[in-house]
Amino acid sequence: MRIAMIGTGYVGLVSGACFADFGHRVTCVDTAASKIAALNRGEIPIFEPDLDRLVAASVSAGRLDFTTDLAGPVGEADAVFIAVGTPSRRGDGHADLTYVHAAAREIAKALQGFTVVVTKSTVPVGTGDEVERIIRETNPQADVAVASNPEFLREGAAIRDFKHPDRIVVGTSDERARKVLGEVYRPLYLNQAPIMYTERRTAELIKYAANAFLATKITFINEMADLSEKVGADVQEVARGIGLDNRIGPKFLNAGPGFGGSCFPKDTRALVKTALDHDVPLRIVEAVLAVNDNRKRAMARKVASALGGNLRGKTIGLLGLTFKPDTDDMREAPSIPLVTGLLDLGAKVRAYDPVGMEQAKGELPDITYCEDPYAVAKDADALVIVTEWRQFRALDLTRLKREMANPVMVDLRNIYRRDEMEELGFTYESVGRGAI
Ligand code: UDX
């Protein structure tokens, strides 16, 4: 199969590299010339484990290349994937479809022979209809089918998720398009991944419903964590106890500082907006958003109360800044409202993140960046584990404590055990572990 991938952001680059790895001939297209030039030099603009290796292997095998020229690869493609950004529109929280629509217009002009145009970007229900309308208006002769094929990749595990998906969702009623996309994903369903064919609008909604449900699961356990603290229960045990019920399942029940990232906040907001437009308010998802926003803002107060309530003149050290491990992504990271809150309360903030510090500097200019966790600990009145990077699970705690002015540890990811920490002489706070 010949594939054109429009957009070399996170989804486009990972999907393009994985399709090429399956043996397809893939061209990734982006309007940003500097990005394409960098990719052609072998530089990967995002941090994702293994992506550089995968890209390099497919490029040298002649199955993957990068260009700013959209028309050539689209003309030759069996399938054209739209994987451009759909940011939150300023002001109203709707998904901004400017890039999707622009891509559809450009693609339309270049189509030759039967081609499936596939939206991979997360787009509101009905966007496929709009893309089809734009294409048919721009090029009435085009032999085209428009499908929706949402992506369920997690940052940091994107390649594994792509190659071992729980399911592949293909939304189109066009038989020829189903056949083409069946071929595109053949290596995966040979691997037993279920492929689900459905209507386009249903596929579009599946993506939003999945993200909203997962965000709900996290928010639910976060509220249980708050209750656990008050009633003397342990939320990790609660999560295990409910997760062993197959109907609930064990995943996405880790309590923490609230969800962030490029998808959950943006997509739940967009879903709420779509639903309101249709006069079907989604009360549960609305509550999830509100509870999560409050939670992120409350984390600074949690740190303050671990230090007796007053942070004026105190030095707080943060371990981790990115919204989760194995990514340099700072979008909607809980660290951002945490830092703002700590600074507002009069604290000085020092921080270390294994890969996210360059990205963080743009978002958080008013803190001190350190070269390792021990430098962060130096003279700190408290350390806060904000992101559960693997290297933070094996810290030399005795050394860390020696560096600190005051051995208070606030573990927002529950990666340490209270008894161990107290034995070492730390005052230890975590999330939802009220049991003594
Ligand atoms: C998510 C979806 O998982 C993925 O299917 C979709 O395609 C894009 O959005 P991602 O944002 O990369 O992926 O990360 P994910 O691992 O889902 O975590 C999202 C946020 O939820 C992070 O802030 C994480 O810390 C938080 N989270 C996740 C929890 O607080 N507890 C959990 O149990 C799981």
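Using N, Cα and C of the backbone, Cβ positions are placed for all residues, glycine too.
Note that this is a predicted model, so its numbers are computed, not measured.
Pulled from TrEMBL:
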{"type": "ACT_SITE", "residues": "Cys263", "note": "active site, nucleophile"}
{"type": "BINDING", "residues": "Asp30, Lys35, Thr86, Thr122, Glu155, Lys266, Arg331", "note": "NAD(+) binding site"}
{"type": "BINDING", "residues": "Phe152, Leu153, Arg154, Glu155, Lys207, Phe252, Leu253, Asn254, Ala255, Gly256, Gly260, Lys324", "note": "substrate binding site"}
{"type": "DOMAIN", "residues": "317-418", "note": "domain 'UDP-glucose/GDP-mannose dehydrogenase C-terminal'"}
Spatial neighbours, same chain, of Ala255 (substrate binding site) - Cβ under 8 Å, 6+ residues apart: Ile221, Asn222, Met224, Ala225, Val235, Gln236, Ala239, Asn414, Val431, Gly432
Listed binding-site residues among Phe152, Arg154, Gly260 whose Cα sits within 10 Å of Arg331 (NAD(+) binding site): Gly260
Stretch-averaged pLDDT - the domain 'UDP-glucose/GDP-mannose dehydrogenase C-terminal' (317-418): 97
Separation of alpha carbons, Lys207 (substrate binding site) and Thr122 (NAD(+) binding site) (Å): 7
Those recorded positions in Phe152, Glu155, Gly260, Cys263, Arg331 whose CB falls under 6 A of ligand 1, listed in sequence order: Phe152, Glu155, Gly260, Cys263
Entry from the binding-site residues list Lys35, Arg154, Lys207, Lys266, Arg331 having the most other CB atoms no farther than 10 A: Lys207
Proximal residue to Arg154 (substrate binding site) among binding-site residues Lys35, Thr86, Lys266 (C-alpha distance): Lys266
